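Undergrad: This is the structure I want to talk about, given as structure tokens.
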Amino acid sequence: MKAAIIVFPGSNCDRDVAVALEASLGRRPLMVWHRDTTLPDLDLIVVPGGFSYGDYLRCGAMAAQSPVMREVKARAEKGVRVLGICNGFQILTETGLLPGALMRNRDLRFICRDVWLKVETERSDFTNRYAAGQVVRMPIAHAEGNFFADDATLAAIEDQGQVAFRYCGADGSVDDASNPNGARNNIAGVFNPGRTVLGLMPHPERLAEDLLGGSDGKTMFESLVEALS
Ligand SMILES: NC(=O)CC[C@H](N)C(=O)O
């Protein structure tokens with residue numbers, strides 16, 4: 001699997017995801033600066049978390065217009081797998097590769113804590129090592145993670161099986177009490193219709209080895225390596 005990580009001014013999870021990917025892949029991914037306009041042959045592009053361009057305008061809005069994203073979009077349209085984590089998810093919705101938008105959290109505060117997530121499907125290159133219905137733990141750290149889509153878009157997302165993860169309780173219950181940021185239908189992560197692009201607010205790279213307190217996130221990188229190697 002040939003993987004690259006896009007680096008924007010203000011990215012702060014680029015090296016964390018590089019470490020997590022390397023642990024599963026056995027090879028260092030390529031780091032690509034936002035000004036680059038060409039990409040080598042790739043199987044996976046990661047758009048990492050952070051505060052690209054200082055979160056000016058709104059999270060992800062400026063990064064979506066950066067030179068490299070034109071090429072990322074072109075590759076995604078050719079079927080190259082794209083993973084957007086947190087700010088990366090925001091960038092992918094701003095770019096139009098994923099539906100919906102990420103709004104300010106319901107209580108207007110930055111939230112940094114572990115959450116429980118329900119895996120909606122194992123049928124994707126990002127989730128094949130999980131089981132559908134499995135409850136996993138990952139950290140969130142965001143101010144704008146409140147997933148919104150209008151009624152028609154939300155219905156399409158649900159009908160086409162585009163929900164990847166939902167916020168839930170430790171027992172798997174999906175309700176308001178287990179929704180940290182007000183996301184519609186407790187959505188924490190969505191696919192494009194072909195399930196070749198995934199965006200999620202939680203950070204799999206931050207719980208990707210036991211030394212960090214858990215390894216539920218590592219399963220995503222192992223899924224990708226299994227699918228794309
Ligand atoms: N950890 C992140 O990627 C944070 C994303 C964004 N800066 C926010 O606060 O919502």
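Indices start at 1 and increase along the chain as displayed.
Backbone N, Cα and C atoms are what each Cβ position is placed from, and that goes for glycine too.
Per TrEMBL, the feature active site, nucleophile maps to Cys86. The active site annotation in TrEMBL covers His203, Glu205.
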Undergrad: Rounded to a whole angstrom, what is the C-alpha distance between the residue listed as 'active site, nucleophile' and Glu205 (active site)?
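TA: Rounded to a whole number, the Cα-Cα distance is 11 Å.
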Undergrad: In sequence order, which same-chain residues at least six apart have a C-beta under 8 angstroms from Glu205 (active site)?
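TA: Long-range Cβ contacts: Cys13, Asp16, Val17, Val19, Ala20, Leu21, Pro48, Ile85, Gly217, Phe221.
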